[in-house]
Amino acid sequence: MPSPIQVTDFSFEKEVVNSEKLVLVDFWAPWCGPCRMISPVIDELAQEYVEQVKIVKINTDENPSISAEYGIRSIPTLMLFKDGKRVDTVIGAVPKSTLTNALKKYL
């Protein structure tokens, strides 16, 4: 069963920027209630889009450099990267349909 990949400040470039697939990045923290609410949705997307999309999670508390680089001010923040560039951002615990529609735009 596919699940999101945990990335760090050190693995972000390899896993996200250099990925040949579309990448959904979930910026989260363990103390964040809305992050915990959206986590099952992220897990479902990881299963449904296993062939087309790489889904990664980055803990903002443990990885402040990447969070600062991308201007993360509130969490959860979800960003889509295509060909190494950020192409879309969704902030907050949104419905699965919102994320699905965002993914479909770039597939």
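Backbone N, Cα and C atoms are what each Cβ position is placed from, and that goes for glycine too.
What Swiss-Prot records for CYS32 (among others) is active site, nucleophile. DSSP gives CYS32 (active site, nucleophile) a coil state; it is part of no helix or strand. Sequence-distant neighbours of CYS32 (active site, nucleophile) (same chain, 6+ apart, CB under 8 A from its CB) are ILE75, PRO76.
Around CYS35 (active site, nucleophile), the same-chain residues six or more apart in sequence whose CB sits under 8 Å from its CB are ASP26, TRP28, ALA29, ILE75, PRO76, ALA93, listed in sequence order. Annotation comment: Swiss-Prot describes CYS35 (among others) as active site, nucleophile.
Swiss-Prot lists CYS32-CYS35 with the feature disulfide bond.
According to Swiss-Prot, the domain 'Thioredoxin' annotation covers 2-107.
Within 10 Å of the C-beta atom of ASP26 (site 'Deprotonates C-terminal active site Cys') sit 25 other C-beta atoms, taking all shown protein chains into account. Per Swiss-Prot, site 'Deprotonates C-terminal active site Cys' is recorded for ASP26.
In this chain, no residue six or more apart from GLY33 (site 'Contributes to redox potential value') has a CB-CB distance below 8 Å. Under the heading site 'Contributes to redox potential value', Swiss-Prot lists GLY33 (among others).
If you look up Swiss-Prot, you'll see PRO34 (among others) marked as site 'Contributes to redox potential value'.
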Helix, strand and coil totals (DSSP H, G, I; E, B; other) for the domain 'Thioredoxin' (2-107): 39 helix, 30 strand, 37 coil
Model confidence over the domain 'Thioredoxin' (2-107), averaged pLDDT: 96
Cβ neighbour count within 10 Å of PRO34 (site 'Contributes to redox potential value'): 15
